[in-house]
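Here's what TrEMBL has on this protein:
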DOMAIN    A:75-279  domain 'ABC transmembrane type-1'
TRANSMEM  A:82-101  transmembrane segment
TRANSMEM  A:113-132  transmembrane segment
TRANSMEM  A:144-167  transmembrane segment
TRANSMEM  A:188-213  transmembrane segment
TRANSMEM  A:265-282  transmembrane segment
Amino acid sequence: MRSNMSISRKLFVSGNYVFLTLLAVLCLLPLVHVLALSFSSSSAAGTGLVRFWPVDMTLSSYRFVLDKPEFLLSMGVTVKRVLLGASFNMLLIILVAYPLSKETKAFRLRTPLAWYFVFTMLFSGGLIPLYMTVRNTGMLDSLWGLIFPTWGMGTNIFNIVLMLNFFRGLPKELEESGVVDGAGHWTVCWKIIVPLSLPVLATVALFTIVYHWNSWFDGLIFMNRTEHYPLSTYLQTILVQDQLANVNAQDLASLQEVSDRTAKAAQIFIGSLPILLVYPFLQRFFIKGIVMGSVKG
Amino acid sequence: MNSKGTQSKEGGNTMTLKRWTLTMMTTGLIGSMLLTACSGNNEGKSVGNSQEGTAPPASAGSASIASGGDGTTTDPTAEPLGKYDPPIKLTSARGVDSTYKYEAGDDLEHNVWTRAYQDDLGIDFSYDWTVAAAQYDEKLNIAIASGDLPDMFTVNATQLKNLVDAGQIADLTSSWDQYATDYTKQIVTEDGGHSLQSATFNGKVYAIPNTLSAVDTASVLWVRTDWLTKLGLSEPQSLQDVLTIAKAFATQDPDGNGKQDTYGLAVHKNLWDGWAGLEGFFNAYGAYPQIWVRDEASGQLAFGTVQPAMKQALADLQNLYETGAIDPEFGVKDPGKEGELADKFGLFFGKQWAPISPLQAAKNLDPEMDWKAFPIYDLNGQPTKSQAKFPVQSYTVVRKGYEHPEAAVKLANLFADKMFGPDMEPSKYGTTADNIEVFHAAVAQIWPNSQNQEAQASISAALNSNDPSSLTPALKSTYDNIVKFRNGDNSTWAFERIFGPVSSQSVLNQYLEQNLLQNNEFFGAPTPMIGSKQSSLDKMTLENLTKIIMGDASVDDFDTYVKNWSNLGGADITNEVNEWYAAQ
């Protein structure tokens, strides 16, 4: 096969490889830079000596970060939030996607309901009504405020569409075989459809986990205490600072902290490590074609 | 069994379809709202005045009733620092910074200040919510729009105007007149009453201005003196010298490494503010960018950025850029990034605190490095006025309907009293002997104008006499740092350069003594056109000036820019500002 390639084809393929490798390197370099910063001394970082290799190698930033109560607290909030929030979202996504994957004959309201969901992807009540809803349901400043409201996020609707399309692609005969044996919708959904949908479940789970890990704005507006912030909100607050427009001499202490790039780099890195580790573990579920050959005759 | 349960569920499905739909609808709605939450960054900003009438229901008339509403005895309560008995509850909200430190066992809601509120004033103080300082405005805008206000809180000028228009905050006129101590009034009106005026609408005081020091925001000229010595140059006496030195630093290899890697003047992409804004450079030409100054010919206010005086300064900047005296990448570097070059440039017009960040980091690596602060001279060597910011960046307000609006004034009294007044105990309420800055925990903070300059004067005096016994703990710790540096510890070098005998503060002191400050003459609430146009005009300004400095546009394009500025809303803003000015 390789020998069949024409010169121009070979050029094209190798050009592709070079281009994609460069692209991958471009994506990796900022990460490497942050990693190098986190292992460098703060004087070296402050004067811009650090490129892609640590200068004055030290672990002091990591020691500083791991001793920092705010960081660990927010890490705890995020872990709870991801576990609870992602499972909650997954459950609801499956429960919505399953009926919507049926044909109109079997479920008369399918089309209007589907449109109803799509509508919410495009239009919303806005920030203030959302805030008031969360406030009036007593979820302000509690972990639930980070979990329940996320259900209606646009990404979830997208996930529903993804999942219901996968459900539809499954052979109808599988479901029918279950119904013949006396299974109702509940059994069909959980015993037949869901176990067959591992690839899409893994994809959607990844999306929801990453979403919960990354979202910071809800933490900012729904949490009334900085110690209740999830990790992403906490990181956001330490990385985005004022341009020091109105610094008075009484703020000298905060100024000294501003130049603390190495600690920030360490926090970014520790903060993103767990979510990076999730990818390889979910990867093994991305297997295609497992339903091939399940229908005979 | 399983299938049976499923069947009954299905039977119910059609029956309760309606309810199910309803539930789904609610869920969906919540969802769609969250969608905007993600992109809600801008939304929160302009909602301040749209919610009239959502303030918590309360008798509007009670706003100005000073005391006696709940059967308290009037006498002690009516004093400026009188105690409420029984204690009253006061909730607030605030932005916090991760650098705030407390004494052992204390936190934001339990510290020397909250105990003083409780014991001295009978105010049971707590926070409805706290948020990281950088996000305070955003969070507050949501609270304002949803009518969910704490009893007392801090706002910026725009929020203040919106709250007044929407009638959401209490009129503090009588509270201010009756309760503010003379000392509080003195601090707040130190600048000729402009601060208080900016909190006054239709003759009524709606807020306590949280005054800061204006002079601390002025620019000084920082020059790298060890390079001057190395190149045999003398200290700058005029702006002409500054230009010459900048070019020499860029071309004559002052760091002696044989490479063309040094720059004269540090500039960053924001042009203004930060440790190296260009305000000071323009000030030397009699131009006052980004503030409103009185045009003597017409008697009207004019926006400094679009005045002809800018042109010569831009031409010289362009020339500096051409000769390589300015970092060619300045247009993409924020102040922090430009600060990484701290060992590569030798001049900048910057703030008094610049030695702390970014210079100290470079000093740690290069002990030979040294800097000195100079006042700003014009081309002929005459001292020129430096521009300062308006000393009020935030205001303390009380929500309408709160029973004790005067409590806010009492809290400001207490701050002034404990920090600078006759009963001051700065080591307990300001900075403790362990160098913990407990004053951060206070609310309704009002700072006098020349606080730091006085500090510099007393520290210098103590250094001369070698006797720190008269210093407060905060000043003593600065004094110790300077002594440490003088004994060879470079890590505290910055304090010598800020508070030492020859320092940025001594230059600022000179500004005060010789009346060398140019204040922003417009200090009213942001006008409607400022609200809608200012940010896009600022962006245009930044683009145009950067292009001119980098030589992508000629200096004469400045005239085109001024015309565009005027047409795109600048003229309307000028009219509105002058209407305000005429009414003063």
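Here the Cβ of each residue, glycine as well, is placed from N, Cα and C on the backbone.
Please treat TrEMBL annotations as automatic predictions, because they have not gone through curation.
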Cβ pairs under 8 Å between the transmembrane segment (A:82-101) and the transmembrane segment (A:265-282), at least three
no
Close approaches to the transmembrane segment (A:144-167) from elsewhere in its chain (Cβ under 8 angstroms; 6 or more beyond its ends):
77, 81, 84-85, 88-89, 92-94, 96-98, 100-101, 117-118, 120-121, 130, 133-134, 193, 197, 199-201, 203-204, 207-208, 211-212, 215, 218-219, 222-223, 230
For the transmembrane segment (A:113-132), sequence-distant contacts whose Cβ falls under 8 Å of one of its Cβ atoms, 6 or more beyond its ends
96, 99-100, 149, 152, 154, 157-158, 160, 221-222
Going along the chain, which residues at least six beyond the ends of the transmembrane segment (A:188-213) come within the CB cut-off of under 8 Å?
78, 81-82, 85-86, 89-90, 93-94, 98, 146, 150, 153, 155-156, 159, 162-163, 166-167, 170, 174-175, 178-179, 231-232, 274-275, 278-279, 282, 285-288, 290-291
